[in-house]
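Enquirer: One structure coming up, written as structure tokens, with questions to follow.
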Amino acid sequence: METLLGGLLAFGMAFAVVDACPKYCVCQNLSESLGTLCPSKGLLFVPPDIDRRTVELRLGGNFIIHISRQDFANMTGLVDLTLSRNTISHIQPFSFLDLESLRSLHLDSNRLPSLGEDTLRGLVNLQHLIVNNNQLGGIADEAFEDFLLTLEDLDLSYNNLHGLPWDSVRRMVNLHQLSLDHNLLDHIAEGTFADLQKLARLDLTSNRLQKLPPDPIFARSQASALTATPFAPPLSFSFGGNPLHCNCELLWLRRLERDDDLETCGSPGGLKGRYFWHVREEEFVCEPPLITQHTHKLLVLEGQAATLKCKAIGDPSPLIHWVAPDDRLVGNSSRTAVYDNGTLDIFITTSQDSGAFTCIAANAAGEATAMVEVSIVQLPHLSNSTSRTAPPKSRLSDITGSSKTSRGGGGSGGGEPPKSPPERAVLVSEVTTTSALVKWSVSKSAPRVKMYQLQYNCSDDEVLIYRMIPASNKAFVVNNLVSGTGYDLCVLAMWDDTATTLTATNIVGCAQFFTKADYPQCQSMHSQILGGTMILVIGGIIVATLLVFIVILMVRYKVCNHEAPSKMAAAVSNVYSQTNGAQPPPPSSAPAGAPPQGPPKVVVRNELLDFTASLARASDSSSSSSLGSGEAAGLGRAPWRIPPSAPRPKPSLDRLMGAFASLDLKSQRKEELLDSRTPAGRGAGTSARGHHSDREPLLGPPAARARSLLPLPLEGKAKRSHSFDMGDFAAAAAGGVVPGGYSPPRKVSNIWTKRSLSVNGMLLPFEESDLVGARGTFGSSEWVMESTV
């Protein structure tokens, strides 16, 4: 019973597995094979639930991008795999490792950029590989390694291939069809198709091939069907669309009998564009090589690099080879390199390289040769036990006066006692951090020196540095040294040895020295600190200067503010009444019954005292004439008298303009009073006019003279007048004067300027006689002169 149940369970599981099919796919179970068909189903990846026993799997026409190792794992029975017309751009290495039974792989019409060494690994039985219409730019040399002997059909057309692994193609002995059309191939290695005896179709259409290598396989392209055998089928060969270079190298191809005539010549210029099969055989010619440029002689120091150049032209382009002086062909090695342009580089020269190198340029039409003479300047070598050179066959033993020294015990026949140490022939002086001056001397009996060699090395390493110095120099400055380091330096002389016809060398002397230590970081820091300090000092000086300047301006401003009010408010006490014409009488001389005269209260601005000498004299004459007329008329008018004051500094422009404005205002007021005189006073006015002419200054009216001195018209400036008490003035004008010509002082309660009186409607038209009488009645202290500033 248990056996029956187990059998039923196994049958059910097998039936379920067989019936399992990926979504959107069609699974066909034909006899022993299982086919899974998923073409054009819009798949983005390989379905993971594909039956692993599938024999045929079609996934073409989808949108699969990536192939991973899990997609086809354990599908050992898969024979046909189609991945055409997808967007595959990457195949993970070893993705087909389990497909050991696969016969056909279609990867056409995808986006593969290249095929790596492990991309197709595991396809040991592959026969058909279709990879056309991709973006292949390169194929690894080992990409086809697993199926070289089984592959029958290889399609790599419509890609971007510049080359192929031709060695792998040569070993595909079972290859029947090879499609390489529509690529960028420009070269096919010679002998590539020699072993492809089963090749029936070769397509090289639309590439960049200029020539084809001669191969017997192409002779089968003209064989008839009668001569063909199963092991040597007729070859279908297509190579149209290539820019063939029609010269003697393609003459073998021209001699083949072919029916098609689609191939054309791309060069040379005389045959360009002509049909290949229509060109006569005698027109396929070549030009022998011609060497146009090469190195003639080269002198190289032993151990240094040497470059030999050789250029040649010809049709076809010649290949250049080099032959060493010992008749061996020079190739690429660790010491030499030969380039395609004909240049030979010797990285490290030796004494064996001395001689004539031969440049050989050869092509199908012939060859040309050129000689290059190379001379190697040999260098002395230092022994391991001492830093001095040991030339065993040197004959320059007397190059210095003390060079005949013993090499030390152990010498055969050396019974002579050791001599004293030689004098120093090499001196090192003027040692700095990076340079030193080396001087040496040679005895007069020494042979003629060809040149000197200076060699030195740092005590920390064993690398020697050489300097070649002309024989005329006995001193040399060694530069580019390391600071704070010890150096071992030797000077050697080189001359021509007539016995051996070689260059002989001998040591002149050696010396040791140490370069001075340098501290670039400390010096750099010191210079930075010094620069910053200078900037700070200069900035501090500028700031201090600005502060001092500001303080001086502030002090000057404060002093000016304190002095200005005191100057403008200075009172003039020596101003007396305009009616007495003299000094004020003392209290004892005052008339009886008169009240005591108080101190003068009149304050006069500085501008009224700063008159010129001419104006003062004119004012004095006017005052004297006015005084005479006033006494005759009984009005008791006193002249304006300004006592001389102490010499003052030169008045400013504002003060001078104020004085001129006051004089102008005074004259205008007098004219107005004369015009407004009443008929009752015409007689007095006539008398006054007569005296007015006497008081008038000789230079003209004061108003005209003041206007002529002012830079601007007076109408544009503010006009000021004498301030007086309105009520007292009116009372004085109406009541007359006190007998004796003296009026007691009155309090000036309301002081109005002319402008204020004019604005307020209180300016009264007084006559000049009344105004003069009022001035005589009032004391001088009742008049206040305002500044015009």
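One is the number of the first residue shown, and numbering goes on along the chain from there.
Cβ atoms are placed via backbone N, Cα and C, with glycine included.
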Enquirer: Can you tell which of CYS265, CYS286, CYS359 Swiss-Prot lists as bonded to CYS310 through a disulfide?
Expert: CYS359
Enquirer: Of ASN332, ASN457, which one does Swiss-Prot label N-linked glycosylation site?
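Expert: With Swiss-Prot as the source, N-linked glycosylation site is noted for ASN332.
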Enquirer: Can you tell which of ASN74, ASN384 Swiss-Prot marks as N-linked glycosylation site?
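Expert: Per Swiss-Prot, N-linked glycosylation site applies to ASN384.
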Enquirer: For the repeat 'LRR 7' (198-219), what are the DSSP-based totals of helix, strand and coil residues?
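Expert: Each residue of the repeat 'LRR 7' (198-219) counted once, the result is 4 helix, 3 strand, 15 coil.
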Enquirer: In terms of DSSP three-state secondary structure, what is the assignment for ASN29 (N-linked glycosylation site)?
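Expert: In three-state terms, ASN29 (N-linked glycosylation site) counts as strand.
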Enquirer: For ASN341 (N-linked glycosylation site), just count the other CB atoms lying within 10 A of its CB, please.
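Expert: Within a 10 Å radius of the Cβ of ASN341 (N-linked glycosylation site) lie 10 other Cβ atoms.
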Enquirer: Counting other Cβ atoms within 10 Å, pick out the least crowded of the glycosylation sites ASN29, ASN332.
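Expert: Counting other Cβ atoms within 10 Å of each of the glycosylation sites ASN29, ASN332, the minimum falls on ASN332.
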Enquirer: Compute the C-alpha separation of ASN29 (N-linked glycosylation site) from ASN332 (N-linked glycosylation site), stating it in Å without decimals.
Expert: 62
Enquirer: State the non-local partners of the repeat 'LRR 6' (174-195) in its own chain: residues 6+ outside its ends, Cβ under 8 Å from one of its Cβ atoms.
Expert: 132, 149-164, 166-167, 201-210, 212-218, 238
Enquirer: Other than its close neighbours in sequence, what residues sit by the repeat 'LRR 3' (101-122), given a CB gap under 8 Å and a spacing of at least six beyond its ends?
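Expert: Sequence-remote neighbours of the repeat 'LRR 3' (101-122) are 60, 76-91, 93-95, 128-147, 155.
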Enquirer: How far is it from ASN332 (N-linked glycosylation site) to ASN341 (N-linked glycosylation site), counting Cα to Cα, in Å?
Expert: 14
Enquirer: Sort the residues of the repeat 'LRR 1' (53-74) into helix, strand and coil with DSSP and give the three counts.
Expert: 0 helix, 5 strand, 17 coil
Enquirer: What are the helix, strand and coil residue counts for the repeat 'LRR 4' (125-146) according to DSSP?
Expert: 2 helix, 5 strand, 15 coil
